[in-house]
Amino acid sequence: MNEISVEIDKGDNINVVVNNEIDDKNNDTEKPHNGKPITMTEISPKGEYLVTYSVEDKSVVGWNVLDKGQLKLDNCDTIELKDDVYKICVSDDKIFACIYDKYKLKIIDMENSNKEIESNLCAYSDIYYDCTFNLKSEFIFHNDIFNRHGIRQQMIWIYSTKVKNNQWMCKGIYEIPDDFKLISISKYDSKFYLFSNKNIYEWDILTEKIIKIFNNEKKECEIVKSFEPAKTTKIRQLYDVETIETIESEHFKKAHEEAVVSAEEAKTAEENRLWRTTRFFKKCFIKDKKKEPDLDSRSIKKDIKISSNNKFICLKVKNKIIIYSIELNVPMFSFDINDGIVLKFKVYYYYKLFMLNYYFSLDVIQPHNFMNIPDLYLLMFTLLLPNVSQDGLLNNETWNSIIKHCWKKCLGHIKKSQKELQAENLLLFDKHIFGILDGYIWKIELDTLKMNFSYKDFNELSDVNNNIAENLKLNNDNDIPNENRCSATKDFNKAEIYHSKYLNIHLFDPNLDIIQEIFKDDDEALLKPQYSMKSPTDSMESMGSMEWNVSSDKGLLKLRVNKIDDKFTYFKRVDKFNVQNFNGLLKLKQQNDNNIFILTVNGFYIYHFNERNESISLNYFYHMDLFNEDKRKQRLQTFREKLSSKSTLPLPNYDSFKLSEEWVYYVKTNKESLLKYGVELLSFAVKEHRLELIDDIYKNCMIYFKEDLSNNKMFLNIITSTMPLLNEYYPEYILEYSLKTNMIIDSFFYTIKHQSNYLHLYSFQYQIVNLTQSILWVKYITSYVKLFKHNPFWYNILISIQYLIIPFTLPILPFFFVIFHIMFKYHFIHDFIDTLLPTKNYVFTADMKDIFTTFYFYIVDKYDEFISTILPTTTTPTITFMISYIKFVNYPKEYNWFFELIRPKSSLFVEIISRDIYKTWNGEALINFKWNTFGKYYYIIIWGSFMALLGCFTAAATIPQQYINENVQEQLLIVSIILGFIHLSFEIRQFIYNPIKWIYDFWNLFDIIAYILPIFTSIYWLKTDDRNVHLLSFSCLFLDIKFRLFFRVFESFGVYFAIIISVAKQIISFLVVLFIIIISFAHAFYILLSPKEIDFSFDKRIINNDPNNPWNIAPTYSKVLDDGTIDSNPFIIQPPNENTNMFIDYGTALFAMYKFLTGDSSALSNWPYLNNPSLVILIVLFSLLIVVYLMNLFIGLLNIAIDEDNDRVSYLVQKAKILAEIELFYLLPHQRRKETWFPEVIYYYADVDKAREEVKKLIRNGQWDTDEFPELRQDLLKKLNIQDYECDQQLLKEIRKKQERNQESLEQIQKKQEDDQKSLEQIRADQKLLEEIRDILSKQLDTKQ
């Protein structure tokens, strides 16, 4: 045969070169697989080797992929297989693996004479379902094993093949949950794709992050509803749909309620027209409620195909294609390959003068939009080409035209003997396509081939407008009302698409190469601003024949675009920017898909011209102040660094939104742009106090989330990411968000499962179990298996020895069971058995090979059986909810390890600890998740280390000297110093992190004193050998208080600790006022009662006339004479001291006032009250004002504050602060990035009975809002069996309306009274004025007379 090589020139033309000299040689050789057709094709991860398999010949052949055109067979021998093969894979080292004959695994070294490698990689099972090699030369396979209870468990094993002696080493073991099915294993990265309950998940083995990338519950087309729940059912039955959206016509509602379903039954012409219009509407847009058959678990891999790169994940679920953006974490668009590409639509209703007019707006994702993205079209071909004929894809007209167009560019010129390259079994790797031609493999290079589609080319391929109109064609023209036929069909043919709704291609393909050319250092054009510029014409052919004219003048940017061959038809746009000077265009760069890149002195812009709706839109704006020539180069360099640091355009800065209202409007209304730039825009709106913009962004986020609850969760992250700002400026939004998203789920239906009783508000996440810790255990069990197979005699001897050892372990049996329990809980050992047909009744045998482990599980199972007979296990129904705080606990991925130890970056959970978040179950479940995942373990460690400090210091300070050795005492003090410094270091880190917040937290005072005092006291004791009892007493006091503070994490204690702090914070101002008043009285008493002379002595008696002299007021004892009189000279005088007159010093005077406040007035009892009226007045004032009035007021304030904070919210807030402290200062930086500890989405279980009570409580408190998630709320009420809700809700609405009307009436009456009062005052003023005028006139008359 001829050798055919393929060359692709710069013009995308494929030239075929036929070499006739080799034809004779090829005719002498046999064809691969003995001429049988090739069934399977597989390439190695790095594309260095390729193998094919023929099911008819049952043979495997290797190919050398380094050649071009027709590939040559490798020198390796052909592998002959006897059984049918279900899966093949090959490594770059030419190691072939396949699954054959009822899920058996065979591994062959093709470079070593097809030597079979021992495939007993798993010691527990020989059933294999999937296998592959990856880029790291690792072999990954998926199989089933059984645990000791006979329960089947799915496993993923990872083995490294780069080892000596060809003994592969296990690197990872993972357990897939029971309700998950493995779809595929990516050999190019560390991704696994799983399927569960109509959801498709991606799991990253490196980060252990699992994300839901698609949910297939929702229909493609839906209509929004504003009907009451009771009326929705009729409309569903009438139109056979599941969801209905905004219909703004009372007459339209009434017609639906009356169920007008036929023209004959219509009583009026208006109803007749309404019936025909709604029938047209149903035919056009509402699909029949025919549920597609669920994906069978046995055919998941056939029905679901996945391809991915670092930007996108493309899924093909049967005939449906879904494009998932990794950056935005949402499915961006989806379509059915048999239906054309209509993403979504909205229908708007207007009802005026009894006329129903319908205006339709379609969002059409043009195929050439994503075919122009290189990273995307390769993934599309990966999904579509290998099964292009099997799936019947070429039978679809739209995709047929696209595939044919690409096929013509790639392979259209390759022919030999009028035989074209087969479409079946095509394989795409990197930028090469491998296809089959005449039994041989052909390699086509796509390096120089660019799939550039223009609008013109796409119209030539397939007229989408006609397809849409064809899909909307009715059986009878009469189905369309005459008055609406024009507004319907013409609008569809025109495909009117608003610029804010079409796909923003720059979010996915930012064309950084083209943009970076604009910012070249050596470009002199950047130094010469111009007032107007025109797009370059050197490559106008590749630019769709469009010409751009741009000019700037006084804050205006003017754009004009027209076709080169049509100078009279043009489209223009003028944008106004809030800048004083906007005179200067620096550079223009036009892209071939109607995009223009503009660099001005005001910043960088990207505009897009949409030929379908003939509009120009602003797609990107980044403000840079380049007006100053001296700073221009530096700022351009900064932007250039941002471009090179990431694969996407930099996020818009603050000034970008401030200067352009059009840019704000575009981001707010465009779905993809809002998802990417929404956090920056909402932050801007909050800082600028633009309440209307905040409301719009908030409502749009909720609307997008309601459109697709499962796939659009990331829109909620826009709200949660700005909660710190909202909490500072507008906290009411946080409360509103918390209440409206309480008890929701990212699905259209709630699920109820029977769980254990303790699972109420138990948080969880969908996660694969990492069993890699048990690799040593696997090796241990594998050695037993090998010993059992190769040396049964020695195996039996070893088992016998273990049996003999077991009785000697009885003294240490508790310790033995504790060790095994910890090892089993944390997956260092497991209970897998190697039999394929285990029984459910576990028997004490050597199925697990190790007798000690078998003995442990045997005792555990018997104990569980005994407990279950005494206390039967009961389950309660639980319902699953989702915590609506998306990405609330995540930390920034980029960090510096050193700076993280000093000043760590925080998460939203740490930044905002608001009561409004923890008023709902979402906040409590979030706390429970963190506490159960890592919080309680670290808290025990912290508590234990503090107990060590407390025990060492207390023992050294308290135990008498005769009972403790001096050396032991010194060692205890040294340990106390070390432990104290360890704890003190964490307090210092907290102070450095946020000094103001640290000082504001009352508990930190106890912490710092409890650590510093023992350290200082211990050092002082060791250095001076002086046992200072004062320091010891206070040190022990604060250590004991700190010990009791650890109990605040428990709810029964924590509520009271929370009350203590919260009440203290509320009354601190009152205490300050009280203290100031006490200081004032102390000052007054000090002036009144202090001695006149300050040079007196307590050792020498001084007699004077000063009544405040301590010697004059000191107690005296006189002698009683014989005649009964008392001697005037004192017989005994008690020497005075500092307490005799406490007003000698101002400090003791202040303490005397404190004693008087507590009821001890002894400090004022040394003076006679009769002769001191000033003293009496001060005492009366103090007692009335402070003791009676202010102290009773203080007690009342305490009661009010206690009532406000005596709830679980205060306790949860306190516990959240403890967890935040553990996260920031006790976890290591890489631990704060663990996806299992800090997931993006968290779910939790709730007891159904408690959920019912909670919903009823919310209804009674008026916090149950059904307007936000009406269908979801209705499903929850149905699941909870709350039947009277609608009546109660209607009654509440009527009561509220009546209260509002009464309030309005009251306000009107009050306003009227105010007006009457003003009128009365005006009349009085007028009367007064008249009287004054009368007086003046009378005086003038008197004067004249």
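Yeah, the Cβs are placed from backbone N, Cα and C, and that goes for glycine too.
Keep in mind that TrEMBL annotations are predicted by a computer and have not been checked by a curator.
The coiled coil annotation in TrEMBL covers 1282-1326.
Here the domain 'Ion transport' (946-1208) has a mean pLDDT of 85 out of 100. Residues or ranges marked as domain 'Ion transport' in TrEMBL: 946-1208.
The feature transmembrane segment is assigned by TrEMBL to 793-820 (among others).
The transmembrane segment feature in TrEMBL is assigned to 937-959 (among others). Here the transmembrane segment (937-959) has long-range neighbours at 969, 972-973, 975-976, 979-980, 982-983, 1014, 1017-1018, 1032, 1035-1036, 1039-1040, 1042-1043, 1046, 1049, 1218, 1222, 1226-1227, meaning same-chain residues at least 6 beyond its ends whose C-beta is under 8 angstroms from one of its own.
Taken from TrEMBL, the feature transmembrane segment covers 971-988 (among others).
The transmembrane segment annotation in TrEMBL covers 1000-1021 (among others).
The transmembrane segment annotation in TrEMBL covers 1041-1061 (among others). Listed by sequence, the residues of this chain that lie at least six past the ends of the transmembrane segment (1041-1061) yet keep a Cβ under 8 A from its Cβ atoms are 939, 943, 946-947, 950, 1002-1003, 1006-1007, 1010, 1202, 1205-1208, 1210-1211, 1213-1215, 1218.
Annotation source TrEMBL lists transmembrane segment at 1068-1089 (among others). Within its own chain, the transmembrane segment (1068-1089) has Cβ neighbours under 8 Å at 1108, 1141, 1143, 1146, 1149-1150, 1152-1154, 1157, 1164, 1167, 1174-1175, 1178, 1181-1182, 1185-1186, 1190, 1193-1194, 1197, counting only residues six or more beyond its boundaries.
Annotation source TrEMBL lists transmembrane segment at 1175-1202 (among others).
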Other parts of the chain folded back onto the transmembrane segment (1175-1202), taken as Cβ under 8 Å at six or more residues beyond its ends: 1059, 1062-1063, 1066-1067, 1070, 1074, 1077-1078, 1081, 1084-1085, 1088-1089, 1153, 1156-1157, 1159, 1161, 1164, 1167, 1169
